[in-house]
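Colleague: Pulled the feature table from TrEMBL, pasting it below:
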type: DOMAIN; residues: 39-290; note: domain 'G-protein coupled receptors family 1 profile'
type: TRANSMEM; residues: 20-46; note: transmembrane segment
type: TRANSMEM; residues: 58-84; note: transmembrane segment
type: TRANSMEM; residues: 90-118; note: transmembrane segment
type: TRANSMEM; residues: 130-155; note: transmembrane segment
type: TRANSMEM; residues: 194-219; note: transmembrane segment
type: TRANSMEM; residues: 240-263; note: transmembrane segment
type: TRANSMEM; residues: 269-292; note: transmembrane segment
Amino acid sequence: NISDLRPSSFILASIPGLEAAHFWMAILLCSMYIVAVTGNCAVLFIVKTEPSLHAPMYFFLCMLAAIDLALSTSTVPRVLSFYWFNTREISFGACLVQMFLIHTLSAIESTVLLAMAVDRYVAICHPLRHAAILTNAATVKIGLVALARGVLFFLPLPLLLLPLPFCNSRLLSHAFCLHQDVMNLACANATPSVVYGLTAILLVMGLDAILICLSYILILKAVLRLASWKERLKVFSTCVAHICVVLAFYVPLIGLSVVHRFGKGLAPLVHIIMGNVYILVPSVLNPIIYGVRTKQIQRRILNLIHIYNN
C-alpha cells in the first residue's frame, strides 16, 4: 500500500557541525528577506502611483516584483522557523505545495524575463512599432500566458511524486522542498518523474534562455549598425538592467541544477548555500538593479525620501 510507505513529513537539512550558527544565519536571511520585500513592494508602489511609468516595460517589472515576493515568501519564513525554533519537519503535503510554488514561480519569472527581452528588442530594432505591438492589453495577455505556462508545465511534478513510496531516508538536502531533492528520496523507479522534470525545465527555462540570447544577438546587430560609439552605448545601456536581472536569475538556477546533478559528493554546506542563493538573491537584487539603472524610479524614490524627511 503506497499510503503506508508515504512519509507524514520530511526533515529539513541543517549544516552538520554548524547548528550553533543557525541563529546568525537566520539573522542574515531575515535581513535579506526584509530587503527583498521592501524593495519589491517599493517597485510595485512606485509604478502604481506614477502615471508616467504605466508602460509595458514597467508592468513587466511589476510582474517580476510580484513573483519575487511570492517566491521568497513561500520559502523564507519556513526556513527562518527552522533556524530559529528548530522546527525541522515539514509535512508531506506542505512540502509538495512548496515545491510546486518554487518551480512554478521560477517558470513564470523565466517567461517574464523573456517578455522583457522581447520588449527591449522591439524598442531598439522596431521603435516606431513598439507602442502598437506591446500595448497594455498585450502585456496583460503575456502575463496570463506566463502564469498558465508555469502552472501547466509544473503541476505534474507533485502529482508524479504522489504514487511513489518513500521507505528510506526522509532527510532533504535543503531547508525547503525542491523536486530533485524529494524525488531522490523515493525507493521506487522515479524515471517518469526524472524525465518529465528535466523536459519541463528544458522546455521552459532552457527555451527561454535560448530565446533571450537570440534577442540580444539581434539587438547587438542593430546597435552595431549605428553610426557612432556614443549612440551605440546610449542605446545598449537601456538593456544593462535587464541583462543583470537575467544573470541574477539564471546563474543561481544553473548552479543549483549542477549541484543536484553532479554534486553528490559535495559538502552539505554547498547545497545549503546554493539553495538560499537561488531563492533569495534574485529577489534582493532585482529591485536594486532597476532602482539604480532606471532614472524614473530613482527620481520617484528620492521624492518619497524627501517628502518623508520633511
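Residue numbering: from 1, along the chain as shown.
Just so it is clear, glycine is given a Cβ too, placed from its N, Cα and C backbone atoms.
Automated prediction, rather than curation, is the source of TrEMBL annotations.
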Colleague: Per the 3+ Cβ pairs under 8 Å rule, pairs at least 6 apart in sequence, do the transmembrane segment (90-118) and the transmembrane segment (240-263) touch?
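Modeller: Yes, since the transmembrane segment (90-118) and the transmembrane segment (240-263) share at least 3 Cβ pairs closer than 8 Å, they count as touching.
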Colleague: Counting only residues 6 or more past its boundaries, what in the same chain has a CB within less than 8 Å of a CB in the transmembrane segment (58-84)?
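Modeller: The answer is 12, 14, 22-23, 25-26, 29-30, 33, 36-37, 39-41, 43-44, 47-48, 90, 98, 101-102, 105-106, 108-109, 112-113, 115-116, 119, 136, 139-140, 142-143, 146, 175-176, 245, 276, 279-280, 282-283, 286-287, 290.
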Colleague: Need one number: mean pLDDT over the domain 'G-protein coupled receptors family 1 profile' (39-290).
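Modeller: Its mean pLDDT is 90.
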